[in-house]
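Residues annotated as transmembrane segment in TrEMBL: A:6-25, A:61-81, A:126-151, A:172-194, A:248-267, A:279-300, A:376-394, A:415-434, A:480-501, A:522-544.
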Amino acid sequence: MGDTLAGWLQAIALVGALALCYRPLGDYIARLLTTSKHLRAERALYRVVGVDGDADQRWPVYLRSVLAFSALSVLFLYGLIRLQTHLLLSLGVPEMEAHQAWNTAISFTTNTNWQSYSGESAMGHLVQMAGLAVQNFVSAAVGIAVVAALIRGFTRNRTDRVGNFWVDLTRISLRLLLPIAIVFALVLAANGVVQNFHGFHEVTTLTGGQQAVPGGPVASQEVIKLLGTNGGGFYNANSAHPFENPTGFTNLVEVFLLLVIAFSLPRTFGRMVGDHRQGYAIVAVMGLFWVASAALITFFEHQHGGTALQAAGAAMEGKEQRFGIAGSSLFAASTTLTSTGAVNSFHDSYSPFGGGLTIFNMMLGEIAPGGTGSGLYGMLILAVVAVFVAGLMVGRTPEYLGKKLGGREMKFASLYILTTPALVLIGAGTAIALPGERAGMLNSGPHGFSEVLYAFTSAANNNGSAFAGITVNTAWYDTALGLAMVFGRFLPMVFVLALAGSLARQQPVPASAGTLPTHRPLFVGLLSGVVLIVVGLTYFPALALGPIAEGLH
Amino acid sequence: MPTFLRTHLTALRMLLVMTVILGIAYPLLVTGISQLAFPDRADGSIVKADGKEIGSGLLAQGFDLPKQNPDDPDEQAQPDPKWFQPRPSAGGHDPKSSGASNLGPNSEELLKAVEERRAAVAAFDGVDPASVPPDALTASGSGLDPQISVAYAKQQVQRVAKARGVPAEQLDRLVEKYTDGRSLGFLGQPGVNVLLLNRAVAGLK
């Protein structure tokens, strides 16, 4: 079988698997977010934690719960990392510096998983599993909880209640993420992903040298790193490491895991608003961008532009033999479109346009399909903007799913779409203006600029991947990127929850002849156009200085 | 108690409960099942020769000649002609520092490295420089890629055969034997596992 045919078959198998899960998984999530029944174990948990599982919260209370939980998570993780040399299973790693520990704690709490440390030399097993992996679960659950509140804003009328954060968090973590994680962790372990509590295991190689074979509870962490669109690798090489991703089969499983929840959530949305066609329209836009991006990156990697790649005869620098161009490009497109940020090949060495597309994918705002929960709320905000734009064209107050989009709603939507670009452009601009920070680039010229642009795009959009040549373990980068991650995660959530509250309060307006149907191909086209224009106008100058300049060179 | 404080106490208790379930119980459960059901894989697919552990079947290792001066950190390792050689590695095939070169597509440094590797590998294997396959010229993503392309393995057969004084046909058969196809026939790319191949080569009489 040729590489091209195999590449196509792999993509078709993936799309088929995702399509099969769309309805059952989306419906399951919808049921879990709407049922009033608690499991007995959950009741016990609520008693221990001290929450009333039947009391819904107003949006400011929901928001305060999100922020309190996240703040405590940062502090707890920071403490765990700083104290790890005194803990069990620390494997003798050195103490981590304060700025790097703060960056790491924020990174995992915000679902970014940017790593300025190297896993095998900086983290003990206990911090990996009881600190980092726990955040892999709960930060993903926080994202889904916030989108659940937004959907309730559309479905509920004349109420100030948008749900109970503690209940949402518990159900998503324990009823959705945990069961899938257990099953797929075993699938990965059965295929060679390691799962043990060993430290480095010394062996004598065939030539008589010494090699240290690493250990760790990797499979259990690998699966949630992808399923929760987190992306922080157990080892420095992330999913390129044979112990994290040993075969072509595990590679496809991992791509599937990082896409499956985000691609099924539109079904949850459609079901909760009582019209599945609304979900199909949203998933169609997500699918369009994902297919186009995967196809283009694969194309550019096959072309292997760039003097060094041309000299090598293929874009295999930073890629693994067992995945090849197709398996690497598919992973790269999916990980940068989902806020995952795991990598099975190193984007810094991608061809100029292939690597440029990975940056562009993140700039779309992680919406196609985006992170768990955050992808759908990002896309719904853009849907609100699209409906508003259409309303301006015909000169009437726009409405979406029966809710009027007035000044207050549009303010929140506009603030949402301004937040990340501001963080990216101000951050990257400042880093380039400072000579010390500019020196962090590994590569020179436009590619060096792309490294800095990539770093801030990745942090502010909570992706976590990198053009990893850049040296970011400095007090300045750890602090600045940490701030980009915090604001890039929580400011949008403030606006989303405020919007949810404002929508839930309204009395729905019945659809009339002048209402824009939001389930037709026309709306899919309109929404895609809005996504491209918003991103294009915001980021085009920065992209022109980096990847476009390099690619046209 | 003020609401502010109460919310944070709730958050702390929730975090601790989640840490016990997701951070302790879950990984222990997965470890327990994995260690019972597939202990070899869960422990890193360790490969043995003559009863001794020689590495992991999933991780590349170097097949270099001993250093002339073991105390000289600047001395470049020289490949040993008796062994099939793995792909270049940014971290010297050391699992303690996995990772890639991260050099860009137009990097002068990468261009120079590729050209030097092409010349060195062609001379080492006694082939035309133009025929050296890309995986022999580029560092892998993990620095621990256990495989090479079938083309690169075939290119090395004559050299290994000569260095060891064994018939090339025997090595051809071993290369074929240690070629992993695509998973399930269509996922990923075929490749040859260098450590398993070299272990078999070492066993030839």
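Think of each number as a place in line: the chain as shown, counted from 1.
Cβ atoms here come from the backbone N, Cα and C positions, even for glycine.
Model, not experiment: these values are computed from the prediction.
Between the transmembrane segment (A:61-81) and the transmembrane segment (A:6-25) there are fewer than 3 Cβ pairs closer than 8 Å, counting only residues 6 or more apart in sequence, so the two stretches are not in contact. Within its own chain, the transmembrane segment (A:6-25) is flanked in space by residues 248, 252, 255-256, 259-261, 263-264, 267, 283, 294, 298, 324-327, 330, which lie at least six positions past its ends and keep a Cβ under 8 Å from the stretch. Proximity of the transmembrane segment (A:415-434) to the transmembrane segment (A:522-544) is established through 3 or more Cβ-Cβ distances under 8 Å for residue pairs spaced 6 or more apart. Ranking A:126-151, A:172-194, A:248-267, A:279-300, A:522-544 by CB pairs under 8 A with the transmembrane segment (A:480-501) puts A:126-151 at the top. Ranking A:248-267, A:279-300, A:522-544 by CB pairs under 8 A with the transmembrane segment (A:126-151) puts A:248-267 at the top.
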